[in-house]
């Protein structure tokens, strides 16, 4: 007979003392929830034994459970051939006061076969202990063994509680002390629990023992597989009490709740910007460090976010899975489709308190506010130029690097931005999707339409501090300022000639290349400048560029305009 619970020594405890074993028939009697509970309890018990330093080697049962196999398959060295069936009423004679379920009794009898049961000759038709006197010795041995087992079972619940209390108490204390005794040899990272280290090691080994039967995707943690399965079932057990939105992960709900509180606990030490998610702060920090860990294998381009790389890859594939139900236009990103839909609805939720201008996206409002504040947080390390948007800085950097990833299939012209290529293609197609409601004039750029509308309003919000001259475009003001500074930052590598505008340099380069992308549909003549093509078209239409008020003569040649003006004014 074992001693009282207090006399149990932790050093002699084994995993089999806290494990239950099932046959195939018994295992099939359990429903899915019970099977999952069994797996979780057995794995937790083993982790607890490992934690207190009792389990020397991993049992086959644990390996089996970790791999998602059925536990009744496991070969156990303690198991021997099944003895003749012990009927339930005979077991009740042995344990008259217990009343355990039949299958559990069989588990107990099977687990403790070592007590001489291999020689047990139980008559099939025994109905009571009195009829089995001939087997008294064998019975006594079995009875003693099962009495010992009975005491173990009666103590099991209390023992497990004490054991869990012991192990959880120690784990809880470690949480407060911050002690991390378990170190990864691969990367030096430390953990306070051995089970956490074991999970971490799978990152280095690439081991993913938990596989989804539905789609075959594998994970290195059982909890990740459980969460993944909700994608197939559509289960979202975590619901926001504030707005009713549901999530399939508790962490997603926790993150979502911060939206309602407005709290932003994660602050950037570099610039002071705050975020409601630690992941967003991590991504933001890459702006300052310039780190881009996600690289495209197709073109070598690197990104600071994995989601941006995923979206970029679609460019190479040409895939556009997100289609607008309103107009049929397709997009490579769902976020772009969401933004596009606002064109049809006309919704603009985000309003500037400074000037009243409204925007369909919060990010656009944030960027717009920098016009009023003059803030330019994104600075180029190469030349010191600062920008209001990180994307503008990224594009600017390509000037120094000379990178042009996006090539036109029609004329082979290359661009540093995909949006520039899209705009350029409209030269070949003649597409002008942006139309003025006031006069009907159409443009191939939304920015051109915005600028054009100012003609009707007469608004000139961009004023030069040097001379007071006002402009309807910020870009025009920037170009104008160069007049005062005399700066010519755009230099031709071919001949050394410098220009104060990048567009002038682009046009100039065509002299060296001989390129003439602007072709007249009427006569086929080609030009290297769109403005020259527009003037040329007037030859066919008969339109005159300039007509003085003092005479009836008109000029269709821009070179003669100055001479006409002087002649009309009576100058020599």
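Positions of Cβ are set from backbone N, Cα and C atoms, glycine also.
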For the feature zinc finger as recorded in Swiss-Prot, pick the matching range from 406-428, 544-566. 406-428
Who are the chain neighbours of the zinc finger (294-316) in space, where the CB to CB distance is under 8 Å and they lie at least 6 residues beyond its ends? 283, 286-287, 332-333, 405, 418
Determine which residues of the chain contact the zinc finger (490-512) at the Cβ level, with the cut-off under 8 Å and only residues 6 or more beyond its ends counted. 479, 482-483, 528-529
What counts of helix, strand and coil residues does DSSP assign across the zinc finger (350-372)? 11 helix, 4 strand, 8 coil
Taken over the zinc finger (350-372), the model's mean pLDDT: 85
